[in-house]
Amino acid sequence: MAPVLSKDVADIESILALNPRTQSRATLRSTLAKKLDKKHWKRNPDKNCFNCEKLENNFDDIKHTTLGERGALREAMRCLKCADAPCQKSCPTNLDIKSFITSISNKNYYGAAKMIFSDNPLGLTCGMVCPTSDLCVGGCNLYATEEGPINIGGLQQYATEVFKAMNIPQIRNPSLPPPEKMPEAYSAKIALLGAGPASISCASFLARLGYNDITIFEKQEYVGGISTSEIPQFRLPYDVVNFEIELMKDLGVKIICGKSLSVNDITLSTLKEEGYKAAFIGIGLPEPKKDHIFQGLTQDQGFYTSKDFLPLVAKSSKAGMCACHSPLLSIRGTVIVLGAGDTAFDCATSALRCGARRVFIVFRKGFVNIRAVPEEVELAREEKCEFLPFLSPRKVIVKGGRIVAMQFVRTEQDETGKWNEDGDQIACLKADVVISAFGSVLSDPKVKEALSPIKFNRWDLPEVDPETMQTSEPWVFAGGDVVGIANTTVEAVNDGKQASWYIHRYIQSQYGASVSAKPELPLFYTPIDLVDISVEMAALKFTNPFGLASATPTTSSSMIRRAFEAGWAFALTKTFSLDKDIVTNVSPRIIRGTTSGPMYGPGQSSFLNIELISEKTAAYWCQSVTELKADFPDNIVIASIMCSYNRNDWMELSRKAEASGADALELNLSCPHGMGERGMGLACGQDPELVRNICRWVRQAVRIPFFAKLTPNVTDIVSIARAAKEGGANGVTATNTVSGLMGLKADGTPWPAVGREKRTTYGGVSGTAIRPIALRAVTTIARALPEFPILATGGIDSAESGLQFLHGGASVLQVCSAIQNQDFTIIQDYCTGLKALLYLKSIEELQDWDGQSPATKSHQKGKPVPCIAELVGKKLPSFGPYLEKCKKIIAEEKLRLKKENVTVLPLERNHFIPKKPIPSVKDVIGKALQYLGTYGELNNTEQVVAVIDEEMCINCGKCYMTCNDSGYQAIQFDPETHLPTVTDTCTGCTLCLSVCPIIDCIKMVSRTTPYEPKRGLPLAVNPVS
């Protein structure tokens, strides 16, 4: 009996065991069985913790906000990039959050980092530790939606971490003269006391302004202030602090350690005697607040203040902080942490990593009065710290020279809001260690004396003007904790930033110079910003390759003016005609596309329009061109014109446009709707003969360059481009919109629907949805007509996508839909993005990057995955019993590492230097053409197969399902672990990679065995006749 070919064989049936099937009946399974099922597949922590995760010596990142590239891109795309963004108003350093998230969504991580560091020199630190829920995130407009606010801190951290990996130095503002040619005032000696966030920020901005004799004095042998000594490694790694300090040192700032503010060392008086013209005090609050009940208690007895405890933990957990290796502080038994601020929660979670069995966080007020940010509170709760509110410490009980317990009294709030202690309600809590985290003060008399003669306020802190950060001594400024205004790292950074401008103003005044009334601090610069992205085309010089397409962004000339002011290099006017062909538009006429699915807001992948050409007259546009060229001589203005197939009309209109001063013309031969019915636009652009003749007419009429705008709504676009070239065109624009019908509602009516009759017509589809069509048009023209200029348009929404068109043979790039999604300011992102892409091509150490995307390392939730397979010989999924086993293995490994005596060398930062010439825009034009050809030129003997990274796999089975129902049934799916395995029947089709939700979890690698296609039945052998 012949086999049944249309039935799966037994081996395939086995593979298909877990493949989805349509449901035909209800499913029955007992509650007990479901409880067991739930336990097996559970990924989040069990609320009944009988055997909590062991965290001793585990200083791995625990932040919920941390993102990998996938998470960062999705979150950035979700951001609305609002007008007058409230998030920015809530950021102490005034970060342009809208702009840096725009850059992240466009995979321009350098552009994002540049925006961040321009306003915050400690942008990576703040991305990690900022209490964003109380700052920028608190103002996010998406709080008004179901999905909630944007993870701004995580995005900030991701972008700046990618820049950190680029290993590129900060440079002086390129517009400044060399240091030796700067005015004398910029050589003034400036001293900063304390190497914490406020001083690093202040010194960075002063150096960016051009000052070249800046010294920071730090009393410790390490730098970074509390970022180094008190914020734990699992929240803020030391290499991050060191990186930002190195960026500051790139500008020539000097740091001298082991020098303290004290009558026995440095004083304001000695600084003045040594010739310092200005000083900044950023020493923080170095002494702990200590309740009288702790007098006489020592660390040997089990008592620590946060100022004792956290630095001890830091020295043993922060690699590179100091050359010596300090063993991790060992704590056993029960720990009581007193306080409800961020520091108290840092102490609690750090105590667990020092070996504490249980940690109680005890505070005087209730949960609603906890001062710590929600992020810290949630982390402590997840790590099973216990919270005890409404208790005030009364007494420490010591036996045998060790703390054994603490006595508390109950606190209550009366009707007036005053908190009182109730001595009748006493609680006693057994404990082995007590950590007091009641805050910090400035109490050392030697330090205060060293600050003489500045005045102190009623809180015994230096008195400063909160606007200028100036003390009672005009040459002395202060910021950060020591002033008592800043409560967070980011606020301390802003104090230093604020002070830098007024130090600048003060110093300049001492040298008889003045500064602008409005503060103007320089941006952050690197060698990337020096990359030249200008390009020449048809004897026209473009400052960058990005311009406005003849479309909605050029509805009026005033809009073009604003675009030029923003940085766009060129613009095409909205297409205009002779007055006899003037149009009136219908409405509605521009709608969102359906190609993005149910995604609302910006980031649309397509738009459809049934808008005609400009409703404004030729006279308006000609005068506008004249005005724009007068005010923006370095910008290119291209007049976009349209006529019917009439020689006289084309010659008349093109001469008018040339006379207006336009640099070039674009002949719109491609409008896909409306105009074609008038014998214009598409009606002219689909016939090579008509195109050739129109171009000949225009060539006879004008001397300036002109370009024919082509339609993609043809069978052979090359024949149209060739006709334009033969007619004398200097190049072509490829392509205009694709004719389409975007959608029909459930009742059958279209959208857009015009008038009472709800009628519509086929419109022009634009946006990233048509990019494949536009790329094909550009590359086919470039291959057929080498060196023939192409103005690309069609889905260009980033520097990365723009580079694709340049590689495809385009010379300059026109943008429309991306502006409809956002605004004119995206040009800043495009320029920095293209500069970065070109610069990184010259760095040999980054050749495994894809543009600005680093090579993907195995990770889960954006955090590195421990190599479990190396420890136990096999890979395990991250859920249920396997996750618990992973945690146990990691805990054992951390304990093993704790016992090793590891010597850590100081961190060194050696910048990546370009080993190859940085390519120009001209150098990359057409680079991809060598890879394009016919199907017959492809090699079918060099095959690939899929390989799945099981450590990154999230076990969704998408690869398995698409392979089953759309491919070759070549992936097995384990019923217990849900780990997919690619079999040797893989054909390398790449569908699995295409639907995988995790970047680089699946990779295609070269096949090592010969590929033998499955023919179903053997090939018939026909005899030779």
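Glycine too: its Cβ is placed from the backbone N, Cα and C atoms.
K709 is the residue from K709, K874, K875, K885 that Swiss-Prot records in the FMN site together with S550, K574, T575, G767, T793, G794, G795, C816, S817. Between the alpha carbons (Cα) of L669 (substrate binding site) and C79 ([4Fe-4S] cluster 1 binding site) lies a span of roughly 37 Å. Listed in sequence order, N609, P672, P712, G763, G764, V765, S766, I770 are the same-chain residues at least 6 apart in sequence whose CB falls under 8 Å from the CB of T737 (substrate binding site).
For G767 (FMN binding site), the same-chain residues lying six or more positions away in sequence with a CB closer than 8 A to its CB are G593, T595, Q604, S605, S606, F607, G795, D797, S817. Cα to Cα, C140 ([4Fe-4S] cluster 1 binding site) and C91 ([4Fe-4S] cluster 2 binding site) are separated by 11 Å. Excluding C91, C130, C136, Q156 themselves, the residues of that chain whose CB lies within 8 A of the CB mean position for the [4Fe-4S] cluster 2 site are, in sequence, C87, T93, L95, I97, C126, G127, T132, L135, V137, I152, G153, V490. In sequence order, the binding-site residues near G794 (FMN binding site) (Cα within 10 Å of its Cα) are N736, drawn from C82, C130, Q220, N668, N736. Taking the C-alpha positions, the distance from N736 (substrate binding site) to L261 (FAD binding site) comes to 68 Å.
In the three-state DSSP scheme, N609 (substrate binding site) is classed as strand.
Spatially, by CA atoms, the binding-site residues V129, C130, P197, L261, S550 include one closest to C82 ([4Fe-4S] cluster 1 binding site), and that is C130.
Within the domain '4Fe-4S ferredoxin-type 3' (978-1007), the DSSP-based counts of helix, strand and coil residues read 5 helix, 8 strand, 17 coil.
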